[in-house]
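First the structure, in the form of structure tokens, and then the observations on it.
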């Protein structure tokens, strides 16, 4: 029995000792700080570096470094390494490389390459100088300054009064950052879900009547416009011309793709070739960008790593040059515009195929198939409207660089095209209003419901109230003034942040006073995005002033939390809108989203009232004001002739529908209620 007890205690003691050892081992710190971006901080240096890597490991208390360079002098050298964190010097190491057996620099020889790899031991006292927060905080604000001096100069005076032979500066990275591919994927998914949800409900609304399409579009939010403006706001916060905390630039870079800042090695090589053939200066100090660990050359005029300023800092974080930003934006804008147009064309071809094969009714979606070019025009112009702030901003910013004439010419042509489109649009609408007699102030709603206007220009004011359609010009003025300040005042951070805040305040006040957007949910999204812009640029004002780096980081984190919460809310709302759209469209699921059910019930009720008593006044019908105000009727004065289920004008102008019985529209008796369109006696507004 005693032997059994002794054996039991022996086994138990071994288990406890092994567990204790594992616990002690797991509690040992295993932190790491390593260099990321680097650049030379001295021009015309006798010793130049092509590579500088350094990593500090807390477990073995050592710094491992790797240096590649070239020497043009003979000298005995002394290394000086300074570690800075959050604006303060935390550690300094001055030593003779011969003491740690760095033979290639002991001494350095003229016209020889330097290849040095070494391990520098660190004392526990030096480790205590580095704050513990450095090991876990995202986007650690740290720098390493590496200099080489002549040993004779240091012996004759002091190291601070000596002239270095070489100088490098590199940022420190602890492996934690707000720059994350998951956030990029989530932002792209949220934008795609918002588009898919709106388009899905748009088609569902056409299954019942074109009368419902505008109401459905406004109630299925957030839309492309809402989500696009929010993503642009977050991305632009990283492009303000202030010395920004690294954490804010890293966060903004997740959304830089909405600005067209998407690049890879092949695109960069093509852009460099384009700039080279248009007298581009590759060593211009305005180019921006610094080198990472896989770089093989260093530009002495690049921005100092760790100091992120305006578009240069955002370009560095994205991995491109500032002179390439406009060209990247233009390339991806044209690609996205082609994708939007291709989706519309493919959809029209699918509808035609389904009609030819009689899978759907012969007259289903007649408006889309007959007037596909108007649908295509509305879709493309809606995307141009979303991209307008980005395009104007990058055009004006390209003018400030003046580094190569090729991108400047492209920017000038695009600016002329955009403003030509704006002027043509204004002249066209004014001419239609004048010639059609729609300028009567007693009945401004006819502008909204006139087929000569909204079938072409509905993308401008689709979500605006009838009496507030001119608010779209206030939006253009807002975008243009924002672009001017953001692009032209990059070198005056304090003035820029204050002006941007004033612009957003004025825009928000106009929005609150006029309340131009129709529908509660639509207005809520607009107000939420506008308020986010105001708060974002308000928080950037103190960062523009001479605050210490730690208060700047705290303000930046508060801004990230606010923007992150708003983005998460809008993304979840887009997901819910998409899910409810799928549930409504799926035949096996007998579910209809409540607001759509109310719209359909109201439409059916008004159909019944109009069928029993066509002379009943519209004011006696049940109001749908809680969902969206009714559109006013517009009856074309000319006589019409019936062609199937479509009313066309007898004078041969078949590009305009007559809106007889436009509100509500009676379903055609020969077409089932589940078809895409019930006869199209009413002209729909297209996106």
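Glycine too: its Cβ is placed from the backbone N, Cα and C atoms.
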Per Swiss-Prot record, range annotated transmembrane segment [choices 407-427, 428-448, 575-595]: 407-427
Matching range for Swiss-Prot feature annotation, transmembrane segment, among 280-300, 301-321, 469-489: 469-489
Segment assigned the feature region 'Disordered' in Swiss-Prot (from 632-653, 654-675): 632-653
Proximity verdict for the transmembrane segment (186-206) and the transmembrane segment (553-573), three or more C-beta pairs under 8 Å: yes
Cβ-Cβ under 8 Å with the transmembrane segment (376-396): same-chain residues at least 6 beyond its ends: 224-225, 228-229, 232, 236, 258-260, 325-326, 329-330, 333, 336-337, 340-341, 343-345, 411, 414-415, 418, 421, 456, 458-460, 476, 479-480, 482-484, 486-488, 686-687
Beyond the flanks of the transmembrane segment (498-518) by at least 6 residues, Cβ under 8 Å: 218, 240, 463-465, 468, 471, 474, 478, 481-482, 485-486, 489, 526-527, 530-531, 533-534, 537-538, 540-541, 628-629
